Amino acid sequence: MTNPWEEKVCKMAQTSLLQGKQFYCREWVFHKLQHCLQEKSNCCNSAVNAPSLVMNSGNNASGVSGKGAAWGVLLVGGPGSGKTALCTELLWPSSPASLQRGLHRQALAFHFCKAQDSDTLCVGGFIRGLVAQICRSGLLQGYEDKLRDPAVQSLLQPGECERNPAEAFKRCVLLPLLGMKPPQQSLYLLVDSVDEGCNITEGEQTSTSLSGTVAALLAGHHEFFPPWLLLLCSARKQSKAVTKMFTGFRKISLDDLRKAYIVKDVQQYILHRLDQEEALRQHLTKETAEMLNQLHIKSSGCFLYLERVLDGVVENFIMLREIRDIPGTLNGLYLWLCQRLFVRKQFAKVQPILNVILAACRPLTITELYHAVWTKNMSLTLEDFQRKLDILSKLLVDGLGNTKILFHYSFAEWLLDVKHCTQKYLCNAAEGHRMLAMSYTCQAKNLTPLEAQEFALHLINSNLQLETAELALWMIWNGTPVRDSLSTLIPKEQEVLQLLVKAGAHVNSEDDRTSCIVRQALEREDSIRTLLDNGASVNQCDSNGRTLLANAAYSGSLDVVNLLVSRGADLEIEDAHGHTPLTLAARQGHTKVVNCLIGCGANINHTDQDGWTALRSAAWGGHTEVVSALLYAGVKVDCADADSRTALRAAAWGGHEDIVLNLLQHGAEVNKADNEGRTALIAAAYMGHREIVEHLLDHGAEVNHEDVDGRTALSVAALCVPASKGHASVVSLLIDRGAEVDHCDKDGMTPLLVAAYEGHVDVVDLLLEGGADVDHTDNNGRTPLLAAASMGHASVVNTLLFWGAAVDSIDSEGRTVLSIASAQGNVEVVRTLLDRGLDENHRDDAGWTPLHMAAFEGHRLICEALIEQGARTNEIDNDGRIPFILASQEGHYDCVQILLENKSNIDQRGYDGRNALRVAALEGHRDIVELLFSHGADVNCKDADGRPTLYILALENQLTMAEYFLENGANVEASDAEGRTALHVSCWQGHMEMVQVLIAYHADVNAADNEKRSALQSAAWQGHVKVVQLLIEHGAVVDHTCNQGATALCIAAQEGHIDVVQVLLEHGADPNHADQFGRTAMRVAAKNGHSQIIKLLEKYGASSLNGCSPSPVHTMEQKPLQSLSSKVQSLTIKSNSSGSTGGGDMQPSLRGLPNGPTHAFSSPSESPDSTVDRQKSSLSNNSLKSSKNSSLRTTSSTATAQTVPIDSFHNLSFTEQIQQHSLPRSRSRQSIVSPSSTTQSLGQSHNSPSSEFEWSQVKPSLKSTKASKGGKSENSAKSGSAGKKAKQSNSSQPKVLEYEMTQFDRRGPIAKSGTAAPPKQMPAESQCKIMIPSAQQEIGRSQQQFLIHQQSGEQKKRNGIMTNPNYHLQSNQVFLGRVSVPRTMQDRGHQEVLEGYPSSETELSLKQALKLQIEGSDPSFNYKKETPL
């Protein structure tokens, strides 16, 4: 038996015809989606209580979820902007190495709404499809078990799901998901084209007018989604009524050409296709390249426009030179294409086929199409029909199951819109319905129940001017099996349902379905009268609580309303959302029904659960006559909803001028503010309704009223200006009426500063003419000039300079306007400022010059302009870095080239010792490394710690880059200050492939460090058996001894690596070798309890322990127990650098007690500082803010995405880039690699913890360990008594040294606990210990050196965009690779801290200390921490 949710699942909704199609660009969208998913994960981790699944009143909660993440993401864009293509790529990635390859694994379920297939718009099918996919996904174990409840299964039955979709969605999807254990990573539910099938006017209120749609279901329940599930929807930006339903969603626009990265997408799409398609490239010459530049401009961000034109070029249907003649809109393109496709009267011949396709409620097969068209022309043969399909071949595509559909739904809409398609190409869907109705008539006796419903639908929509009874006779006389047509699903269309009932469809009176059919079929008075006469209750309610009267009022059936009122229907029964018949009729604008209900005494001031009255609903929807009727009846004009918004506020927002005047004339309070302090004037100014603003001012509106953010009407008008919508005239009017032009909001921002930031040059002019202060600074020290420069608004910059703006202003971080403009990237702004005399060598607080900014951001033209003006290419910042190093680090090839040409020192090192070659290599910028080698860069240059680049690449396991260095002459034996080579560190970490490469380049396998430790000993210590075998095979000395006399066998026996011991013994290791202190492998194995190793050693002839228990012989030296805080240094956390590619090499973290300053190592080496440095080019700490609930968002952005060009054209113009494709294909091009590192190591000084260690030979008990104030341990207070006990113990028992090897490095003198001891000769006994500084020593160290601040959760933005190039990649990584320990944790006892940071053992192991020494940090953490605009 199949599950009920699998019986009726629409396959069309779970697939995309674009699957497998090549996808280009849009990387920035995937980055944003990954970031949103990560936010969900973070919120899920911090969530305490799941949301309560209680239905709200219908209006969605505004804002975002209480845990800080948005409810979901809404992809918006015009027709053809690539929404469905993006969703398809997200689910079925076409590129194996793309970011979306990882994102598609987080898809829990998906649904594609398609207007061409009504089944995909069915809410019941949507719910069943989700359930089936979640069960199949395997991502949530146990979900299917929660569906075994018979009550849940009954809700999923066909028909039941359609009758009560809200209940089915809650019981079958939401409640089971809320009851599941959160998955390891957040998941998403994708619904594409959620607005399809929602054909409503913009003014209607969404909560009822969209009832029964997928959009309404999601909008009413998205706040109840589990915190780990992200709802991802797409919709057209024109579908305002739908997009408003998803308040609190993060909206991502795909065709907002104000965003540079969207323009870049369009350009890259063209370039990618040129690069991939020879058939397209052969049409390209330098003369026709300009045509493609025109194409990218004409497309206005519409990828469908680009695709149709470029496909036409490939098919030789369109010539490139004809692009100049193609209209610049999608509708214009359709008209142009039809004029090309259909000559003379060809369109009339194929028009019937298009009519049928437009009328069909699902995709039709070729046979079905032929049968329908044949009913109009019975002489049509199948061959003739096929020829007509061939004429339409460029407009039709293959659907599922050998069906034919139009290539895009926007073209279907165009064919029915006479305004755009003209009379010549106008199609008639009603004619298509007639042909389909006749086709069904011919086969009426053999129709299935669903086909019978389709038959009824086509009859209803045929415009045959027949009454319903006559259409019912049509179906009956043709023998249509109507009786069982309602046995499975109930049609959504009420007229279809009524026709089927009249034609004899059977309704089971015992089934609860009856109430649903009664509600939906009662469109006509005679039907209601019949039912009431047969005993039906006049006040019966459906599952949503709506009465017959409420449904009739909602649909505007005046006759039915009169009948029900005459039969005594209750006028005040509320439905589940608190709506009465009057509020429903007012919301829909049914004036006659409203008058009828008012005349019958309905309560005109009734409020629903959201506080909406009939008056506010009508005012919002723009229903003038309804508003007049209610006002005439004496309604309270200032009733407000839950947000204190009145009818006047709603009408002002909606732009309904006549309603605003009517309300004002009836005494509406003009200055009444909502909960956010916004009046009707602010709402009208924000929306750009000048006439309404004028009416409100004429009636006494306070022009300088502030909202909760301190913004006035002028502030929001300057903020939201699109000049085409009349906002500039609103600004002018407000200034004329006395608006304060220099009014500051809570952030200290004036309208001028906001307008400058947004780039509204007309408004800037108006404000300056009105007396605005051109040099006003906000709370963060930003002037309008700074704001305009940060966003690259050249026209605004010129205007401000014309009005005398001061050019020498400096922000809170010491940056001039030129510095900020250089970071932003608009060369016109930079040249303008240079012409004004700004210092091209000005240093900000971090020592960065404008050239540093431009080089870091990769602005080639700006680098050229600055250098031409005299900028010094070798100027160092506070960290000793020149612009050349920054450009190399970020992978900006063209900038590196320019700086080299202008005498930048190729081997210049920063104070951390890293040069351009080092940072480029670690970031993986192969092309830049090649360029540096070609200019003579020193391949063996060492950093401040004496480590060569090859050493660091080996440490990071960057195999490819290390091999490239070796090919270019890197010294394979180059060592660090401790004598360790690249082979040492690779063996320590177990990087087998790296070891093989180093040996292949003749690395000495027996090379020893300063302590005479070999690579074999390092590998043995870590237990890397394969590395040990490899080294022995290549001649490693098995019994090589270090300074202490220990061999690899002794070390492996101590660490318990039995497989390594086995290999060493097999290759002749001496099992009886003893070190300087007489410790053999057998002895240390016995001490550590490694019984299997003891047996193995005995098998190979090791001397036994003669039956003696190891306890008295091998116990630790008896010393006084000391507090753990004096033995263990502060908490250390290691996270892999993003540059590391080694798998499975993450070593145990150095665990300890954060009693002193905490520190962290993000990487074994110095990871590049790209993330920290990227913040240098931002403006100030706070970005432009707006209220939490409105759409008064001000943050614009430019180029947030790291779009990887198809070729490196070094900032050529787009036309020049296109022309490059006309060159021979053998021409080599360099590609630009996006920076990937997001981590950075903490600095280490000569006093770093890795320099001094103290290893206790007694393992203290955690239970007796406590921390005292000031970071002192109990050991300090009890030193006298402890020392006495120790003396007694030592005198009564012989001293036996424990087998512990010395520290890997001994750089400095060893100090006693609590004091800074001068250097002195250590006794031999002490040299056998790893020394660790006490808590008192640690406290004395510089807090800045060790204390790591965790990156704040707030997203850092630069000029309105993310400054971290990989903010989207920070899934489970620590941001910037650093972790801070809360001060409260530092103050707790050590036992609590260790419980918070679980450790496999209670003390610091020698292996971990050794690991710390090898993977030591670098002194590069004192970089400037920037704050953005």
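Yeah, the Cβs are placed from backbone N, Cα and C, and that goes for glycine too.
Between the listed residues S209, S1291, S1352, S1400, Swiss-Prot assigns phosphoserine to S1400, with no corresponding entry for the rest in that record. Looking up S1135, S1180, S1222 in Swiss-Prot for phosphoserine, the annotated residue turns out to be S1222. Cross-referencing S1165, S1187, S1250, S1279 with Swiss-Prot, the residue annotated as phosphoserine turns out to be S1165. The helix, strand and coil residue counts that DSSP assigns across the repeat 'ANK 19' (1077-1107) are 16 helix, 1 strand, 14 coil.
Note on the repeat 'ANK 9' (747-776): DSSP counts are 17 helix, 0 strand, 13 coil. In terms of DSSP helix, strand and coil, the repeat 'ANK 15' (945-974) has 17 helix, 1 strand, 12 coil. If one looks beyond the repeat 'ANK 12' (846-875) by at least 6 residues along the same chain, the residues whose Cβ comes under 8 Å of a Cβ in the stretch are 813-816, 818-825, 827, 830-831, 834, 840, 881-884, 886-887, 889-892, 894-895, 898-899, 902-905, 908, 1173-1174, 1176-1177, 1210-1211, 1423-1424, 1426.
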